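**Student:** To start, I am sharing the structure in question, which I have written as structure tokens.
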């Protein structure tokens, strides 16, 4: 445990509460002392929603410590059950209340046995000392999905549907896995307080609709736990973000043989890779259905991208080089004519950014995606790419290998700040903390990942996924870099940007003072190198133990650097 005034990923109970509050008609009860109950305020402040946050705090106070928590927790669960009749009540401790080592599962069992209980009650199965917010969210979502699918299996078993087949798999699984008539997909991992998640969900729906694929379920955001039994009916699952949803997809693949797409469609190239992965899955399902003597052709021929030349059901006479589903025309059309990003990356405006240095830091999905866009699609030199998702470090290294000079895996914002100060990039792409660091160093920053503040929960449509997302990212990248002659024009025409240069040290210790003459001389230095001159002068002053920078010190530093 460590004391910090900034955390990229919060404690585990925040992840559980984010998942619980994303579902409809699900209530969370947090067993915690005062001070751990800030989630309601945080979500109400950031998310632009009309509904109240469905979280109640069962406060651990001195009375609870004296008498025990069981009576109070059970009473709170029963009260919320009677007042709001939610479909599910989730009980979660926090890292603080976990110290009490109470048997919360026993509390849940007691509350579930109440005669008047109409809600399911579930204890979040999360180790609060070993996992962070994102890992806990992923685990909680998988736990809820597993709970309701196992519950549906039990219901079917009691109805006499279940038995055991030759492969030692229950026929209940097969019964649950009856697919939708037309190709369909589940979108897993869209949830509250995510980075542009609602906009990304709309863009994914539009993308799938263009491919003739229906949406089966979207979870957890806006989903109902009563509909979780329908998850196996989809043909495949889409996991737009690795951080949340991957465990659920792996469970569904293992139990119901459901394939999943875990390629995040961020950027022109990865969007095409994602679509081709969907194409591969649909073609595989089609051929398997033919071998199983299931006639799906009458349904699939209505898909706009179904190849009508596939007319043989005989595997011996069928041409295996011809794909039933072929999305290449859609990819080419979107890339060349619909998305503006591919054209913009070859324009003279974007070519002006070629070779400029950038630092990228964020969650694993967004940081890896933006790194590849900058390096592959826009010709920008990524001098450092990093993530705070230390649990996914191996995947991240594999993704960004060859696209950046250095890789930084840390959840300590001071290390990130020191790296940025050392590398002196032209722009930063990161979280809210990197925006603060950029302001202190006078380096522009584009926000590409959570955690973020209110301005990155926009009312307007701003996805980061899919082809519209590529346009948004291209705008963000271009607008994050300082324009060529902007500083000079503002100075020549006495523009509004006349603030004096600020100290660019991330530490408040040993700050140097500039006298008026030195500052005046510094202001005469061209804007695009002024920051570098200032940093070199301060470095020279510190090396020589000079507390105040005068005109003589400025010139001495210049001579020392030139020598």
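The backbone N, Cα and C atoms fix where each Cβ goes, glycine too.
Got these off Swiss-Prot a minute ago, pasting:
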- 36: [4Fe-4S] cluster binding site (BINDING)
- 349: active site, proton donor (ACT_SITE)
- 484, 485: substrate binding site (BINDING)
**Student:** Quick one: pull the CA-CA distance for the residue listed as 'active site, proton donor' versus the residue listed as '[4Fe-4S] cluster binding site', whole Å only.
**Tutor:** 48
**Student:** So which one is it: of the recorded positions 36, 349, which has the fewest other Cβ atoms within 10 Å?
**Tutor:** 349
**Student:** What does DSSP say about the residue listed as '[4Fe-4S] cluster binding site': helix, strand or coil?
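**Tutor:** Coil, per DSSP.
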